[in-house]
Amino acid sequence: MNARAALAATFFPFHGGVHPPEHKDESSGSPIVAGPIPATLVVPLHQSIGNMAKALVNVGDVVLKGQMIAAADGTVSAAVHAPTSGRIVAISPQRVPHPSGLLEYCITLESDGADRWIERTRFDWRNADGRAIRDYLRDMGVVGLGGAVFPSHLKIGGAKDGLDTLVINAAECEPFITCDDRLMRERASQIVEGIKILQQLLQAREVLIGVEDNKPEAVDAMRAAIAGCEFKIDVVVVPTLYPSGGAKQLIKLLTNKEVPSGVRSTDLGVQCFNVATVYTIYRAIEHGEPVISRVVTLTGNVERPGNVDALIGTPIADLLAFAGNKADSDSYIYGGPMMGFEIPGTDVGLSKAGNCIIAKSSGLFPPKPAEMPCIRCGKCADACPAELQPMDLYWFGKSKNFGKAQERNLFDCIECGACAYVCPSNIQLVDYFRFSKSEIWAAEKSKKAADQARERHEFRQFREEREKREKAERLAAKAAQKHEAAASSADPADAERAAKIKAAMERAAAKKAEAAAQAGESAAPADATAAPVTEAVAAPVAEAAPVSQLDPEKAERIRAAMEKRAAEKAEQEAMSPEEKAAREAEKKAKIEAAMAAAAAKKAAKAAEAAKAQGDQADGSGA
Ligand code: SF4
Ligand code: SF4
């Protein structure tokens, strides 16, 4: 029995998966070293999913290491901090590590070389309520470091009766990447302290740490560190199979629970945190250190592959120089070779999502052969961990039949690339899936904008009508007061004025009755003089004011919509951040479903029309 087999423990295989060459040995043998303090750091403001953080500093400000330089904006957002001490020299759109190559706001910091910290204090989380803990983690910039950068505070709390299983994702299944492996080997006890905090915050009944069997030293270190834990905790060794580090795949591997499409793992009693994120939670809570650095693997075509604790914002060029970039490197992958992407340039600053930088050369990564037609071999479906039919998704994406792609669960695709890896026709399937997703999101965005514009217009109409009505009522009340005062006065001048007012009112009422009769209205009395005085007072005033043009039924509909919205707002305000995020996800799913249905309907109509045309052509040909 080899060492790996000896480590194997209970697990529940998921569908599909592939086993690309690991390339872990190049970097896994070197201990983590502190990265360089570059002369200039480019810190992206958008370092978590959700809203970009809001800058708190100005150009020229002097800042200390760990000082918050941008605050979270809204619930789904996280703060950003100065990675070292120095001076802010720019706040401007710059290139960031993103496949689009689009510019995003970054804070450029000129380092003073002193690396002076702000004052750091431990956070007394045991005496803090859930909200205070969430706010603290948000303000310390804690996000998922596995690559998804989901703000961690949104994953704290929410499960009222506690969690069945807290899963710690230490699988690190992508080839080349070894930063989590080294972190576990070298800082296992600090990771376990972080796990203890999470276990208590989430009231987790058990903790399972999933590690692939190609990291036996990490497994030993973690097993030694969990000894003495007072709760149920285990290190589960799973076979090396990509993508076992996908959250859904790891949850299946460790708990045998399948997370269905559109369902959150917390609904099944499971929550998953990356091992590096847990480490930062520990540093933030026990040492008052915000997330200003991360361990990143520098590998590929470099002289000294290894793992570096690098400051966020360090230009990739500085990291490559640190690792001894070779002259024939031609491009650079940010992340792993399966799910990563090529960076637009080495001037971009390291972000919290950056777990690996791979220098590419034509020797290490030969050019991809040209795409050939799909031969429907089904290998992609066999490899897909999400149990999708990638060849169908490819076809629907290529023919821009996005509704059908959605119907076939396009959004369950985790873009792992396993399908493209096995495709004998060299089809870059994930590119087609990303294209389809972006098109669908763009369509949804414009539909949402149109809906919002329509709603705004209707609300405005309603508000204007209401204001007109209220004004008319106010004027009527005022006129009635005046009339009564004049009628009861002993002064002959007042009596004369009252008579004039009455006559004017009667004339106006008659005019109104005449207009109403012409318009076919029957409600107004034909004989205005016979109307009671109070009605006669109100009539001319109401006539003087603009008459509501809004259909009462429509007004009622708008009023009901406004009341519904107010109730929803109140309900939302009472929700926890996680519940809000879940609500948003639910809304999104509904919108997606509606779009899919609309697209399907459109496609059916088009097919019908085509058939009719065909029939017609057949008929005319006969
Ligand atoms: S693996 Fe490639 S060729 Fe085979 S069915 Fe899938 S897309 Fe087509
Ligand atoms: S990229 Fe998407 S479709 Fe392809 S194997 Fe991964 S999950 Fe399946």
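Backbone N, Cα and C atoms are what each Cβ position is placed from, and that goes for glycine too.
What TrEMBL lists as [4Fe-4S] cluster 1 binding site is Cys374, Cys377, Cys380, Cys423. Sequence-distant contacts (6 or more apart, same chain, Cβ under 8 Å) of Cys377 ([4Fe-4S] cluster 1 binding site) comprise Pro424.
Secondary structure at Cys419 ([4Fe-4S] cluster 2 binding site), as computed by DSSP, is helix. There are 29 other CB atoms within 10 A of the CB of Cys419 ([4Fe-4S] cluster 2 binding site), with all protein chains counted. Per TrEMBL, the feature [4Fe-4S] cluster 2 binding site maps to Cys384, Cys413, Cys416, Cys419.
Summarising the annotation, TrEMBL assigns compositional bias 'Basic and acidic residues' to 447-485 (among others). Applying DSSP to the compositional bias 'Basic and acidic residues' (447-485) sorts its residues as follows: 39 helix, 0 strand, 0 coil.
Taken from TrEMBL, the feature compositional bias 'Basic and acidic residues' applies to 551-587 (among others).
What TrEMBL records for 602-612 is compositional bias 'Low complexity'.
Sequence-distant contacts of the domain '4Fe-4S ferredoxin-type' (365-394), counting only residues of its own chain at least 6 positions beyond either end whose CB sits under 8 Å from a CB of the stretch, comprise 14-18, 243, 246, 248-249, 337, 405, 408-410, 412-414, 416, 418-429, 432-433, 436. Positions annotated as domain '4Fe-4S ferredoxin-type' by TrEMBL: 365-394 (among others).
What TrEMBL lists as domain '4Fe-4S ferredoxin-type' is 404-432 (among others). Tertiary neighbourhood of the domain '4Fe-4S ferredoxin-type' (404-432): same-chain residues 16-18, 20, 242-243, 246, 248, 261, 338-339, 368-375, 377, 379-386, 388-390, 392-394, 396-398, 440, 592, 595-596, 599-600, 603, selected by CB-CB distance under 8 Å and a gap of 6+ residues from either end.
Per TrEMBL, region 'Disordered' is recorded for 447-498 (among others).
The region 'Disordered' annotation in TrEMBL covers 543-587 (among others).
What TrEMBL lists as region 'Disordered' is 602-622 (among others).
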Residues satisfying Cβ distance under 8 Å from Cys413 ([4Fe-4S] cluster 2 binding site), sequence separation of at least 6:
Ala386, Leu388, Pro390, Leu393, Phe433
Quick one: of the binding-site residues Cys384, Cys416, Cys419, which has its CA closest to the CA of Cys374 ([4Fe-4S] cluster 1 binding site)?
Cys419
Going by DSSP, how much of the domain '4Fe-4S ferredoxin-type' (365-394) is helix, how much is strand and how much is coil, in residues?
10 helix, 0 strand, 20 coil
Of Cys384, Cys413, Cys416, binding-site residues neighbouring ligand 1, Cβ under 6 A:
none
Which of the listed binding-site residues (Cys374, Cys380, Cys384, Cys416, Cys423) has the least company, meaning the fewest other Cβ atoms within 10 Å of its Cβ?
Cys374
Cβ under 6 Å from an atom of ligand 2: which of these binding-site residues qualify? The list is Cys377, Cys384, Cys416, Cys423.
Cys384, Cys416
